[in-house]
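Chemist: Below is one structure. I have some questions about it.
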Amino acid sequence: MGRPKNLRGFFEIIKDKATISKEIIISKLPNNTSSLNLAILRATSSEQSSTPPHENQIISILSFGHSSRNTASSCIESLMNRLHHTHNSYVSTKCLIIIHNIIKRGSFILQDQLSIYPSNGGKNYLNLSNFRDNSDQETWELSSLVRWYARILESLLLTSRVLGFFLSSEFKGPDSDYFLYYKSDKHKRDGDEEHEKEKVSALLNEELLKEIEVVVGLIEEISKASELLNLKQSKLVCQVMNLVSEDFYSAQKRIVIRLNEVKERMSNFSFGESVEFNCVMKRLKNCEEKVLFLFLNHKWIGFWDLVDELMREKIGTEKDGGRSVMVMSRKGRSSESARYDQRDLRLDDFRFSSGRFDLNRVQSGLRFLNI
C-alpha cells in the first residue's frame, strides 16, 4: 500500500521530493518561512502513503505555535494550502491528522489562527465535501474517509465556538500518558470537573440546550464511521480512528455533565424547552447502536441508562392559577396558546437557571398593564 500503484502516484512522489529539495535550499536563506513549509511537506509526503505523520514531525509543526502570531498564521496558511491544492487522498488525510493534533495539542495562538481561518468560517469550513481521488479503487474508498474526517474536524471547531474551549484538547483518555499523570493528582482532576459543573449550572436553559445539541451533533458525525468499516486497514486509517475515538470519550464526558444538570432542573423547563431537549435526546439515542458497535471495549458506566431516564420524562403543561398553559419557545422567544382571563400580565417570579437551588424563585412586584 506504501508503493505507488500507477504513473500518477509515481509523479506525485517525484514532485514532492523536488519540492522538498527546493525548500531545503531556500530554508538556508534568512528571513523566510520555508522551514515551516518544509516541515509540513515532510509530514504530509505522498511517499510511504499508508504511514501517518511521525510524532517528531507533528511536534516540529506544533513548535511554530510557540513563536509569533505571524509565524503561527503562516503555519496554518501553509497547511491549508497543502490540503486544498492536493488531489491525493493520502496527503489530504495526513493534513487532517495534523489539523486534528493542532486542535488537541496546539498552543493557544496556533489554535486561534486555525479557528479564524478562513475568516468567514461556516459549515463547510475545510471545503472537502466534494473531495474525490479516483486514482484507483483504494484511493476512491479512502476519499470517503477524507470527507467524513473533515466533517468531524468541522464539528470540533463548531463545538469549540459554542463551549468556549476545544473539546478534544481537554481529553484525558484511559490510554494516554497525560491521563496516567493526571490520574495521580486526584484532587486536581476532581477540582477541574467540579469547576465545569459549576459553570454548567450557571447556564440559562437555552444555553444549556445549545451546548448539548452541538455535542450531540459531534457524536452523530462520529457514529457515521460505521459506514467506513469496509476500508482497508492501514496505520494511517487506524491513526485517524484512534484520534476520533478520543474525541468521542471527551464528548461523552462533557455531555454527561450537562445531562446531569438537565436532570436537576427539568422541572423548570418550559414546554418548548422540553420538546427541544426530547428531540436532541432522540438524535443521540439513534446513535446508540452505531457507537456501541464502534467502541466495543468502552465502559459506558450508565451513559445510555441516563439518556433513557431523561427521555422517559413526560412533557406536560404548566399550571397558572388552575388553568393549563402550554408554552412554546424557539430561539429564546415564547408564545402562549391559552388566553388569559384578564388583560394584565404579572411577572410574579423569575426562575434561576438551575433547579438545584432551594430558593429558585425571586418574588417581584412588577406588573405590566394593558398588554
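Glycine is treated like the rest: Cβ placed from N, Cα and C.
As listed in TrEMBL for this protein:
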type	residues	note
DOMAIN	28-167	domain 'ENTH'
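Walk me through where these features lie, including what they touch and how far apart they are.
Modeler: Residues of the domain 'ENTH' (28-167) grouped by DSSP class, helix first, strand second and coil last, total 91 helix, 0 strand, 49 coil.
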Chemist: Mean pLDDT, the domain 'ENTH' (28-167)?
Modeler: 88
